[in-house]
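Asker: Here it is: the structure, laid out below.
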């Protein structure tokens with residue numbers, strides 16, 4: 001929406017960004033950094049020592065990276081779990097970020113226009129307020145997941161939380177006003193109690209003194225959720241400016257990418273390979289991996305499988321897998337520790353993506369017209385999986401325990417059956433809509449222009 005009656009102020013060219021230290025949050029924040037830099041802003045990124053992102057040569061002129069001290073050992077993430085780690089991180093960083101921001105205000109040659117913080121780094125709001133700087137929330141999840149978090153408190157207050165943790169039948173019930181989401185799809189976590197999750201969500205969706213919210217999504221994907229947030233929940237401007245990976249590329253992988261898989265893909269037929277990657281956090285037990293391997297072998301489809309180091313509990317990588325694992329995967333498969341995902345999804349050989357359905361992976365897959373097998377792990381992934389299957393109709397959700405038969409049937413449905421071909425057609429249509437949205441005159445392009453104008457008038 002255009003802000004009328006305001007004139008842009010000169011010399012407000014610096015923006016401070018505060019990413020959450022996880023791969024799925026760092027990537028879109030750095031894409032936002034590149035996007036705003038292209039619009040004429042100098043960028044200061046304030047990071048924690050935990051999961052520190054080491055900037056490449058892509059981030060040089062007009063980019064500054066500052067690290068704030070915190071005393072969180074690497075082991076805390078595993079020992080505490082993501083939710084308790086989040087609480088501790090926000091508590092640890094509150095004072096150090098305020099001191100850092102105060103120094104930046106004194107040192108910056110360009111006046112700071114605003115502080116943009118990841119919704120999970122909510123400690124940044126108080127410091128921005130104290131330094132008399134406008135602050136803006138950046139949601140790296142879907143608008144629908146953000147909307148779900150925004151009503152969580154109301155559900156909890158009305159004692160509607162029972163279906164979120166009670167019997168299977170109740171969990172299957174549809175959530176009023178959030179069709180087609182079921183209670184079981186709401187973004188809860190297997191890592192913490194419902195009460196702890198409630199506290200996180202109260203903090204992440206509390207706009208406090210925020211001037212606006214920006215979301216890495218597009219109107220063509222989530223128009224109803226965006227309208228709900230804008231008109232009923234937030235009452236401040238909401239800017240859908242994504243998918244950001246289609247606006248500005250930014251190399252941000254915390255793990256080394258094995259690009260040999262591209263050479264392997266070059267030898268495969270069009271739409272003949274299913275790509276399997278469960279993201280940067282999800283874990284799989286050995287028995288689950290064996291069932292997946294067995295199902296893949298039975299499907300007779302070629303596959304590129306990312307098995308992340310440390311993703312198998314009790315094992316560094318696949319060295320502890322039974323001997324039959326290698327026999328099942330070597331014939332038609334290729335396994336890497338980490339892959340250049342955007343390059344993989346854009347490869348003509350890839351016809352499907354088995355994913356945990358993190359929002360970045362979801363956007364990247366839709367952006368390349370690749371349908372998905374959905375195996376959500378936690379949090380907003382379940383929301384995304386439900387939308388992929390029931391709203392956009394380009395996904396097959398695999399629920400419950402994994403066994404060879406379930407895996408084989410899902411892969412064949414996507415890669416062999418007519419159903420999968422229809423999904424590819426719908427995915428291609430969504431891909432074209434997303435590409436149009438980020439081009440001049442498109443909805444995300446216009447929203448980005450309005451957002452840039454907005455922060456120049458603050």
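Placed from the backbone N, Cα and C atoms, the Cβ positions cover glycine too.
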Asker: Per Swiss-Prot, what member of 60, 67, 140, 204 joins 339, 341, 356, 359, 360, 361, 364, 380, 381 in binding UDP-alpha-D-glucose at one site?
Answerer: 140
Asker: Give me the CA-CA distance between residue 25 (active site, proton acceptor) and residue 118 (active site, charge relay), in Å, as a whole number.
Answerer: 8
Asker: According to DSSP, does residue 25 (active site, proton acceptor) sit in a helix, a strand, or coil?
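Answerer: DSSP assigns residue 25 (active site, proton acceptor) to helix.
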Asker: Could you state the CA-to-CA distance between residue 118 (active site, charge relay) and residue 380 (UDP-alpha-D-glucose binding site) to the nearest Å?
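Answerer: With distance taken Cα to Cα, residue 380 (UDP-alpha-D-glucose binding site) is 15 Å from residue 118 (active site, charge relay).
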Asker: Which residue, of the binding-site residues 140, 341, has its CB surrounded by the fewest other CB atoms within 10 A?
Answerer: 341
Asker: Non-local Cβ contacts of residue 361 (UDP-alpha-D-glucose binding site) (under 8 Å, 6 or more apart, same chain)?
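Answerer: The list for residue 361 (UDP-alpha-D-glucose binding site) reads 277, 279, 341, 353, 355, given in order along the sequence.
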Asker: So which of the recorded positions is most packed in, judged by how many other Cβ atoms lie within 10 Å of its Cβ, out of 118, 380?
Answerer: 380
Asker: Could you tell me the C-alpha distance between residue 359 (UDP-alpha-D-glucose binding site) and residue 379 (anthocyanidin binding site) in angstrom, no decimals?
Answerer: 11
Asker: Max Cα distance spanning 140, 339, 341, 356, 359, 360, 361, 364, 380, 381 (UDP-alpha-D-glucose binders), Å?
Answerer: 23
